[in-house]
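Quick look at what Swiss-Prot annotates:
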ACT_SITE  Lys11  active site
ACT_SITE  Asp137  active site
BINDING   Pro95, Val96, Ala97, Ala98, Gly99, Leu100, Gly101, Gly102, Gly103, Ser104, Ser105  ATP binding site
Amino acid sequence: MKKLTLKAPAKVNYRLDVLRRRPDGYHDLRMIMQRIDLCDEIEICLTDGPGIRVVCGREGVPDGPGNIAWRAADALLALSADKPGIDISITKKIPVAAGLGGGSSDAATVLMGVNELLGLDLPEKRLREIGVTLGADVPFFIFGRTALAEGIGEELTAIDRVPAAWIVVVNPNVPVSTAWVYQNLQLTGEAARVKIPRFFESVAEVCAILSNDLESVTIPRYPVIGEIKRELLAAGALGSLMSGSGPTVFALFEEEDAAVRAAEMMRARSWFAAAVRTI
């Protein structure tokens with residue numbers, strides 16, 4: 001049967017502004033989202049079936065319908081006249097529940113892969129519409145470009161000129177509840193007045209707009225996040241920020257050597273750390 005092996009990249013948020021709470025309980029956001037070359041590997045295979053099987057083997061990641069990748073495959077299988085079995089194997093490299101979008105990226109990759117394997121030929125716009133029913137970040141990974149994301153994250157505008165950078169990501173392995181972060185966030189309205197550029201000429205220009213409203217909640221509760229930011233800046237980073245609701249921190253470097261040294265320094269603290277490129 002047909003098979004695909006695909007990479008599902010992580011993301012960082014160069015900016016995350018929380019604008020307002022919506023009547024449906026979600027929040028309107030304004031984000032700059034950037035993919036990075038820290039990737040899960042996903043193998044998708046059509047079988048004689050029936051049914052969908054997901055195997056991951058990572059603690060905390062379900063293998064059945066509780067896995068967002070399973071639900072992605074199920075959503076496309078429902079649109080297919082043929083009903084083959086679908087086997088999905090996920091090799092996790094992206095830390096789980098870390099603010100890096102790993103689950104959403106896995107789901108987006110499965111949507112694109114199953115769309116190809118089943119010959120559905122659904123356009124990107126339709127895949128993004130399906131994706132947002134699975135998770136707010138899923139459309140971004142289908143979009144596949146650095147983007148300004150608005151609404152709950154599904155309204156995407158390409159940012160066409162963004163310099164490549166070395167990114168060091170550090171996860172201190174502390175559990176952070178996204179729901180708790182948003183429940184405790186005090187909205188100020190200040191972010192809405194900040195103008196966001198549509199292009200950047202240098203890494204320094206990117207660093208000038210780094211901001212994450214959720215840090216005001218997460219860092220007081222988990223001071224290690226602020227500590228990591230300070231250490232990365234001391235190691236030569238041009239800028240550093242918490243990604244998403246945390247706990248992962250990332251930092252931008254212009255030179256590979258400095259990024260690799262900083263990642264090694266962080267791993268010496270028994271934290272997950274990687275030096276990767278933007279994509």
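Cβ from N, Cα, C; glycine included.
Note: the Cα of Ser105 (ATP binding site) and the Cα of Asp137 (active site) are spaced 8 Å from each other. Here the binding-site residues are Pro95, Gly99, and the one ringed by the most other CB atoms within 10 angstroms is Gly99. The ATP site is set by Pro95, Val96, Ala97, Ala98, Gly99, Leu100, Gly101, Gly102, Gly103, Ser104, Ser105; from the centre of their CB atoms, other residues of the chain with a CB within 8 Å are Ala10, Ile94, Gly244.
Its Cβ placed at the centre, Lys11 (active site) has 28 other Cβ atoms within 10 Å. DSSP assigns Gly101 (ATP binding site) to coil in the three-state reduction, outside any helix or strand.
When the binding-site residues Gly101, Gly103 are compared by the number of other C-beta atoms lying within 10 angstroms of their own C-beta, Gly103 comes out lowest.
Across the structure, Gly99 (ATP binding site) and Asp137 (active site) place their CA atoms 11 angstrom apart. The Cβ of Asp137 (active site) has Lys11, Met33, Gly101, Ser104, Ser105, Gly153 as same-chain neighbours under 8 Å, each 6 or more residues away in sequence. Packing around Ser105 (ATP binding site) is summarised by its Cβ count: 29 other Cβ atoms lie within 10 angstroms of its Cβ, all protein chains included.
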